[in-house]
Amino acid sequence: MIMAKPLSSRRAAPLAGSAPVPGDKSISHRALMLGALAVGESVVTGLLEGDDVLRTAACMRALGAEVERRDDGSWRLFGRGVGGLMEPADVLDMGNSGTGARLLMGLVATHPFTCFFTGDGSLRSRPMRRVIDPLSRMGARFVSRDGGRLPLAVTGTAQPTPITYELPVASAQVKSAIMLAGLNTAGETTVIEREATRDHTELMLRNFGATVRVEDAEGGGRAITVVGFPELTGRPVVVPADPSSAAFPVVAALLVEGSEIRLPNVGTNPLRTGLYQTLLEMGADIRFDHPRDQAGEPVADLVVRSSRLKGVDVPAERAPSMIDEYPILAVAAAFAEGTTRMRGLGELRVKESDRLAAMARGLAACGVAVEEEKDALIVHGTGRIPDGDATVTTHFDHRIAMSFLVMGMASARPVAVDDSEAIDTSFPAFVELMNGLGAKISGDNP
């Protein structure tokens, strides 16, 4: 039986210092997968060594690639070339990683062998039909639990069919799964997205040598086309700090009076920075120093000072660029003066937990006035410090856990989370980093 790891967060003194945020989770997954498909050696530095990404590394080994961590902390991959993956001898256990599972399903769907996927209880409850449907149209066969849930078996096709597929919901994971399947497919595979989603797959594929076209789609949006059978060439990849992980110390510094922190080398891809745009609209003092390009991705050093925030209306169309950041935005909204309305959040219902419900319940327990709607969260801030004094159920969701630990840093009384184990999936050093800046997070009872 897995033992829970409760944590408590107490009101902090002003936060100060510089802290390295871990590598971007989305880019880390993709670097391992494309390095495994490339011809020759790829060296990845800055890889996120959280559980989700380590599961992907283990899966790429199981599929025949050479993957090793070097003494200097970098990762070396020697790939098998497009179409060269091998049938794994065992089940691919994705743990809690929805990104890893969906992208790998695309990767193996156009290889002529069978793979078995499983995951933890949370992942086994998440919908996979959105990936299964387009990959089936390309020729892959699936056997799954009801609703397309894990565990499932994928039998790839030896003669995949290129498709043009319009995403029914904005999803970078589904888009990327189809593009990865398209690499080992003759001709051109096209994904149409009406709302732009994070484009790390497109950027990294080009960086490895694939032909990827991004054009305006008829009727609006973008058409992304990948040309099959490219010769991907091994190359160095530098993974920037994850803007989704940086969100937690950023919001903490905004809320704890007198704080000033610096976060170096944070990814600033415009399709990932919706939270930062929203915080600036709320009155946040965030500076983006030394903007630069790093292996095809924009990065900057973030300087954050404590700020008085005001409530705002967050447009629904911003959701794809900040879908993982709504929990921590809701915490910021709880300290703001005025009402913050967040809409277009239906996708939060099928994340690691029902994040919409989890945030509403947690905020209410901390004394915050909040309304939960079908696809919206409305937080009524008063400009006063929330009471806190609650233990929040995380539902084994790393972002729920970290969000409420940040809340405890600025609330009148401590906030505890019932289990912090899931934090290791994306931010293993979270407690150490936050306490190093001045937080008071511990395993003691509040």
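Even glycines carry a Cβ here, placed using N, Cα and C.
As annotated by Swiss-Prot, active site, proton acceptor applies to ASP324, with the evidence given as sequence analysis. Sequence annotations record features per position, and here Swiss-Prot assigns phosphoenolpyruvate binding site to LYS25, GLY98, ARG126, GLN173, ARG355, ARG399 based on sequence analysis. Residues annotated as 3-phosphoshikimate binding site in Swiss-Prot: LYS25, SER26, ARG30, SER171, GLN173, ASP324, LYS351. Annotated region 'Disordered' per Swiss-Prot: 1-20, in sequence order.
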Position of peak Cβ density within 10 Å, selected from the binding-site residues SER26, SER171, GLN173: SER26
Distance check against ARG126 (phosphoenolpyruvate binding site) for the recorded positions ARG30, SER171, ASP324, keeping those with Cα within 10 Å: none
Secondary structure of ARG126 (phosphoenolpyruvate binding site) (DSSP, helix/strand/coil): coil
Proximal residue to LYS25 (phosphoenolpyruvate binding site) among recorded positions SER171, ASP324, LYS351 (C-alpha distance): ASP324
Packing count at LYS25 (phosphoenolpyruvate binding site) (other Cβ atoms within 10 Å of its Cβ): 25
Neighbour count (Cβ, 10 Å) for ARG355 (phosphoenolpyruvate binding site): 25
Helix, strand and coil residues within the region 'Disordered' (1-20) as assigned by DSSP: 0 helix, 7 strand, 13 coil
Inter-residue Cα distance where the pair is ARG399 (phosphoenolpyruvate binding site) and LYS351 (3-phosphoshikimate binding site), in Å: 10
Recorded positions listed as ASP324, ARG399, least Cβ neighbours within 10 Å: ASP324
Three-state secondary structure, which DSSP defines for ASP324 (active site, proton acceptor): coil
Cβ atoms near GLY98 (phosphoenolpyruvate binding site) (within 10 Å, other residues, all chains): 21
Between GLY98 (phosphoenolpyruvate binding site) and SER171 (3-phosphoshikimate binding site): CA-CA distance (Å): 12
Local Cβ density at ARG126 (phosphoenolpyruvate binding site) - other Cβ atoms counted within 10 Å: 19
Least surrounded among the binding-site residues, given as ARG30, LYS351, when other CB atoms within 10 Å are counted: LYS351
